[in-house]
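Let me begin by presenting the structure, written as structure tokens, before commenting on it.
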Amino acid sequence: MNSGAVLTIDFAALAANYRRIRAQVAPAAVAGVVKADGYGLGAIEVARTLMREGCEHLFVALVGEASALIPALDGPASVYVLNGLLPGQEDECLAAGAIPVLNSLDQAQRWAATAARANRRLPAVVQVDTGMARMGMETWEIDAFLADPTFAERLDLRLVMSHLACGDMPQNPSNAQQYARMSALAERFAGVPVALDNSAGSFLPRGHFAMVRAGIAVYGGAPNDAPNPMAPVVALTIPIAQLRTIPAGAGVGYGLTFHTERETRIATIPMGYADGWPRCLGNTGSVFIAGTRVPIVGRVSMDSITLDVTDIAPEHLYPGAPVEILGPHQSIDDVARDAGTISYEILTQLSRRYHRIHLGLPEASTSGASAATTRSPSA
Ligand SMILES: *Cc1c(COP(=O)(O)O)cnc(C)c1O
């Protein structure tokens, strides 16, 4: 499985990003969002790093993610399930010790029934829809939830939350609308802590209620269109597999979609769309060699990509020579822009075939986590 690609994940930078957001939103607490295996970087390692910074709240998307994560944690943290409870998942959620985000009256009823069966109050979060129409209770469901005292008896409501539709567009009027709706709903859920903001919302110039849920900015992605204040967390390099020189007028790759206009030096690297590198970067994206931009030419294949390295000095071109895919010259946001997507998609698709090096990962204090994969920065 070894293409020679090396994905370096800098957990010290991740911790610094967490502290940066905490300073930004204080006195609000900062929960870490570690769904989708910590945006592809390793939920257990990310959680361990954040908990070392004092983070006590973690969000995953699925009950199964919670039941995998919780036994691997080396301390106490509340683990919340954003997608809530699909029918039939109540017992797994209970057994895992996870806290479901109740997104509908139906989910609240099933969790309250689970509490009755378990003969104890169960912790829960209620999500309300303040204007995104994705998840969360609608007005009639909130009314019904608050009107029925059995919910208050059976459920220990830890948080009432909602989610911004346009937090990364600070000027969008929906941000103020959602904030106002959340403020009004907070009064109806008297005494329950409130959380509205994601990474982008954490950078809006207003209050942040009791808690924010930070994902992408912790992982180094830009929270909005302003210059990115976060430290990069990932770097990816891969060696050149093969070099050739082809004449003017030759075609490159599937469909021969690139035609040379001059004698051209082509380098092939052993990664492709099977590694999560978007196929749409064919004839569009870039990589860097010795700090110089190198265009991707031809289509991105499943396991290989062709580069026009004609303008690169020969001493940097040999089989095994390093190519920067992500690093000081190209961020996850740069790649996302070229691919017409968002940094989240680039991160969560990063290949499991890359060799991973963990920098600055705190040692596990129990045997639960994988200390064997840890390397110190000097390694
Ligand atoms: C994924 C998610 C977050 C984290 O969002 P980022 O933009 O990555 O900070 C927060 N809240 C909810 C409900 C989410 O689904």
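From the backbone N, Cα and C atoms, a Cβ is placed for every residue, glycine too.
TrEMBL does not curate its annotations; it predicts them automatically.
Straight from TrEMBL, the features:
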- Lys35: N6-(pyridoxal phosphate)lysine (MOD_RES)
- Lys35: active site, proton acceptor (ACT_SITE)
- Arg134, Met302: substrate binding site (BINDING)
- 233-359: domain 'Alanine racemase C-terminal' (DOMAIN)
- Tyr254: active site, proton acceptor (ACT_SITE)
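Note on the domain 'Alanine racemase C-terminal' (233-359): DSSP counts are 26 helix, 46 strand, 55 coil. Taking Cβ-Cβ distances under 8 Å and a sequence separation of 6 or more, the neighbours of Met302 (substrate binding site) in its chain are Gly272, Tyr273, Ala274.
A C-beta separation below 8 Å, combined with a sequence spacing of at least six in one chain, links the residue listed as 'N6-(pyridoxal phosphate)lysine' to Ala43, Phe59, Val60, Ala61, Leu62, Glu65, Leu82, Gly215. For Tyr254 (active site, proton acceptor) paired with Arg134 (substrate binding site), the C-alpha to C-alpha distance reads 39 Å. Ranking the recorded positions Arg134, Tyr254 by C-beta neighbours within 10 Å puts Tyr254 at the top.
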